[in-house]
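According to TrEMBL, the repeat 'Solcar' annotation covers 1-83, 97-191, 199-286. Taken from TrEMBL, the feature transmembrane segment covers 6-23, 55-78, 98-118.
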Ligand SMILES: C[N+](C)(C)CCCC[C@H](N)C(=O)O
């Protein structure tokens, strides 16, 4: 099984993550807390109360973990295409796979990466939602002291299965939308590239950026539900499942709840995925 796709996915995932992290924190807060009036209000309050560091809460952990997840995603995607079409990544420009194969491989990659992503994403969301300022002498410590403490506390208080809270919503979010992600990327690259040639850097950046925006736009409703289910254990609010969480969110906040974080998700998705695809493509070309 070729491994360079896993390594390229690893590095490109880490680069994309750092770039998009502040957007991600604002998104998670807007989706799960009701104290902010909008993106700008959340930016200002976070900065005033927690300084710039507030935007990077819990990042050290995702930088390692999302790199693993991205590596699984791109590695499984590329190896599924290899199994379906018998072409390696070097051969795919000359013999492009069909969109059906790209979609299937993307869904497979999405489905497999959920198993790694679920606990990491849960810890990230819990840490991002701690709005206490950095520890000052005398102030009460935040609920979780860091990623490891967070993981241990969840295991103790909610059981080891608590680490997979929201995993079902995450799987429903990621399986189809990662198929859409790779199809959008391939389609846009092929539109702007003469047949058989490698896409230019500009094409890769634009195609990667739009693949991010399109897939996140489709994924946002389930992203909101996923984040709420992940927070539920902490707030001692129990949803009976994905449908129950959807119904009770709509009942209380109207249909607009499904679009919470859409603007910020899209603003984040462009740079993150442009950089992810650019570094992925170039690393693979560089390794031949
Ligand atoms: C498919 N869905 C939109 C849910 C996720 C796409 C993930 C792509 C990238 N790691 C990012 O964080 O933007």
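Including glycine, each Cβ sits where the backbone N, Cα and C put it.
With DSSP states grouped into helix (H, G, I), strand (E, B) and coil, the repeat 'Solcar' (97-191) comes out at 72 helix, 0 strand, 23 coil. For the repeat 'Solcar' (1-83), the DSSP-based tally of helix, strand and coil residues reads 70 helix, 0 strand, 13 coil.
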